[in-house]
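Below is one structure, written out as structure tokens, with a few remarks after it.
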Amino acid sequence: MYTCVCITGPVYDPSRVILQPVSHLVQFCYRLLSRSDDNVLFVLLCRPSPQVIFVSSDFHLVAPDGMKYTQPSITQGRTDVVSVTPWLAPVVWEETFNEKLLDSIYMKKNISVVATVFAVGKYIMFLKDFLETAEQFFFVGFRVSIYVFTDRPNDVPHVKMAEGRQLNVLPVPSSNRWQEISARRMELIQKLIEEKLINKADYIFCLDVDSKFHGRWGTESLGGLVAVIHPGYYRDDRSRFPYERRPISRAFVAPGDGDFYYCGGAFGGLIQEVHQLAKTCRKNFEDDAKEGIEAAWQEESHLNRYMWTNKPSKILSPEYLWQDFKARNPEIKIIRFSGVVKNYAAIRPN
């Protein structure tokens, strides 16, 4: 499918590919209008003839000249897991990608990656491990900005960060209910994108603070809209997924519907995709609240409802958010990111 944008412009000068202001406008419109499964067709209406500019949402992946790597196989590979969805989105597992090849491609793009994390109340105790392990494993070698939302900014630990990486602390109010903290995440992510990130960052990942990195999380995870399979339900039939089952809620997923159960504690993608997700989930949550409804698992329920209709363009396997209390199943060859063991009664306000 193509979205067509018409732009009126000055007399066309064949000696110039495109006037700089128009180029900026094209890129701006593309960020606003493109979806991961669409292409955008720009028509520049100028004299003596219209100019057509194609901007594809498919990633233009350019490998460095002369790079050597093992020949990929079309007939051999992992047979113990599924690595593509029915809508042809890749599912990322260990041994399904070449990290050196991917890094070399995205390094040329000079991408900027944002991570958000919420360290409210006693959850501040998990922040140091999160930040230190992120320095070891999260997009190492790339430009990374981590935004910490917290009601205890003075308690944010000092963690030495590599060149090109930065920590930003954003104060937020405290809350007497952990459900309210959870619910406000989508609102704060939406505002962060609108106020600080549009046209300044490429990708964003929204992660739980009570987790640690144990292995590489890098360019293999990039995509338009990126979801992470929940480790607690990935072997289950959809009838056991803890979707919101009440039709009165805007997070409702009907029996017999649903693809996978996705984590609320890890999701991401292109800035514009995550903005649309956060904006939609926030509105649905607030509209529910006006009617006295709170979805079963707050923003996670709304995220799962959103992704049932708006299919992720890339899915990360449970390697990307395991649970420390769970034994590793045979298909889990590496744990990259995992929720730590904790006493909820001791750290949650209610």
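The backbone N, Cα and C atoms fix where each Cβ goes, glycine too.
Here TrEMBL flags Glu300 as active site, nucleophile. Its Cβ placed at the centre, Glu300 (active site, nucleophile) has 24 other Cβ atoms within 10 Å.
If you look up TrEMBL, you'll see Phe118, Ala119, Val120, Tyr123, Asp208, Val209, Asp210 marked as UDP-N-acetyl-alpha-D-galactosamine binding site.
Feature annotation from TrEMBL assigns Mn(2+) binding site to Asp208, Asp210. Asp210 (UDP-N-acetyl-alpha-D-galactosamine binding site) has a Cβ environment of 22 other Cβ atoms inside 10 Å.
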Please determine which of the binding-site residues listed here (Phe118, Tyr123) has the lowest count of neighbouring CB atoms within 10 Å.
Tyr123
Between Val209 (UDP-N-acetyl-alpha-D-galactosamine binding site) and Glu300 (active site, nucleophile), what is the CA-CA distance rounded to a whole number of Å?
15
For the UDP-N-acetyl-alpha-D-galactosamine site (Phe118, Ala119, Val120, Tyr123, Asp208, Val209, Asp210), what does the 8 A shell look like? I mean other same-chain residues with CB within 8 A of the CB centroid.
Val117, Ile124, Phe126, Leu127
Whole-number answer please: how many Å between the C-alpha atoms of Phe118 (UDP-N-acetyl-alpha-D-galactosamine binding site) and Glu300 (active site, nucleophile)?
15
Rounding to whole Å, the Cα atoms of Ala119 (UDP-N-acetyl-alpha-D-galactosamine binding site) and Glu300 (active site, nucleophile) are apart by 18
